[in-house]
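J.: Got a structure for you, written out below as structure tokens; questions coming shortly.
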């Protein structure tokens, strides 16, 4: 049943024992998304008071944080509150920030689907680009420049048509989508506020990161869901776009820790977060099928290519040109050596483990709820 944002009672003792402790209050945009839900969990475990901004909709999409929202007693200390708001509404952002007075803001909210950004270019620019400016301006309006730390979810899509391999903090940007271009504006306005107003503001240039909580319209989750359905006999075949696109894939749970570490750093700096390993969409498909005991062999070329099950002879994968982007990003590989050195961060979950976790989770999900 949908329920409106409201404060959850906390198990934290708010008596004299808390006096003298520094305030740990986080505000997260995009809290209902993959990264936001993992970050909320992470911060609650660290004793933060967590506030999230959610958009009003007829279907209240809090599925990824429902376990936190309903049962805050599971945490030793800390609590959570959700607020209606939108990155396109300056007034509500000022109101929420002034009320919450956060010590850390994590801007994860975005129209984050690259392919869809070609169809919703203006909206993507408004939310992902100008929305970041609205948040930064709200911090300034509320007089919190000297008391808040700001994390901006930047993206490897900034590199687009890559200018060097691997990509690091100093690699020139060349975005290849409205999403990448909007995020480029957000990146530079964060740098500008840091330099102009001395705001502790950082960009986390995160390469692709996945999990069982990944949105169903992203390629990795589309693969894991489809493979699970094939395993359960609910589906025979699914279509993909560019099988040879290569990405640096990590686990979202590892990457939210890096976000937090950036705000605990002595100085505000931008960091690339990645695994340094590259795998193709084709490999993701092959690994996924391996976890259900099937071997995929490829036949044909380009849009006529198919993935056939070696054991049964059935075609399970086809290529559809409609899933190609107008301008493709063929290869992304991150160099996170700066984060390893300065933040002592490194990825924990290996590619094979990530794929297995996603397929297993979707097998369980599709078994209990085929229409999920």
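Along the chain as shown, the residues are counted starting at 1.
Every residue gets a Cβ built from N, Cα and C, even glycine.
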J.: Labelled region 'Disordered' by Swiss-Prot, one stretch among 1-22, 23-44. Can you tell me which?
T.: 1-22
J.: These are the binding-site residues: 55, 183. Which one scores highest on other Cβ atoms within 10 Å?
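T.: When each Cβ's neighbours within 10 Å are tallied, 183 tops the list.
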J.: What does the structure give for the C-alpha distance between residue 55 (NADP(+) binding site) and residue 323 (phosphotyrosine)? Integer Å is fine.
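T.: Counting only the Cα atoms, the answer is 28 Å.
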J.: If I restrict to non-local contacts, at least six residues apart, and a C-beta distance under 8 angstroms, what lies near residue 30 (NADP(+) binding site) in its own chain?
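T.: Counting only residues 6 or more apart in sequence, the Cβ neighbours of residue 30 (NADP(+) binding site) under 8 Å are 36, 53, 107, 108, 109, 110, 153.
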J.: If one looks at the chain holding residue 323 (phosphotyrosine), which residues at least 6 apart in sequence have a CB under 8 angstroms from its CB?
T.: 115, 239, 240, 241, 242
J.: Measuring C-alpha to C-alpha, could you say which of the active-site residues 155, 157, 179 are within 10 Å of residue 111 (NADP(+) binding site)?
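T.: Matched active-site residues: 179, sequence order.
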J.: Measuring Cα to Cα, how far is residue 157 (active site, nucleophile) from residue 179 (active site, nucleophile) in Å?
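T.: Between the Cα atoms of residue 157 (active site, nucleophile) and residue 179 (active site, nucleophile), the distance comes to 8 Å.
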J.: So if I draw a 10 Å sphere around the Cβ of residue 157 (active site, nucleophile), how many other Cβ atoms end up inside it?
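T.: Residue 157 (active site, nucleophile): 25 neighbouring Cβ atoms within 10 Å.
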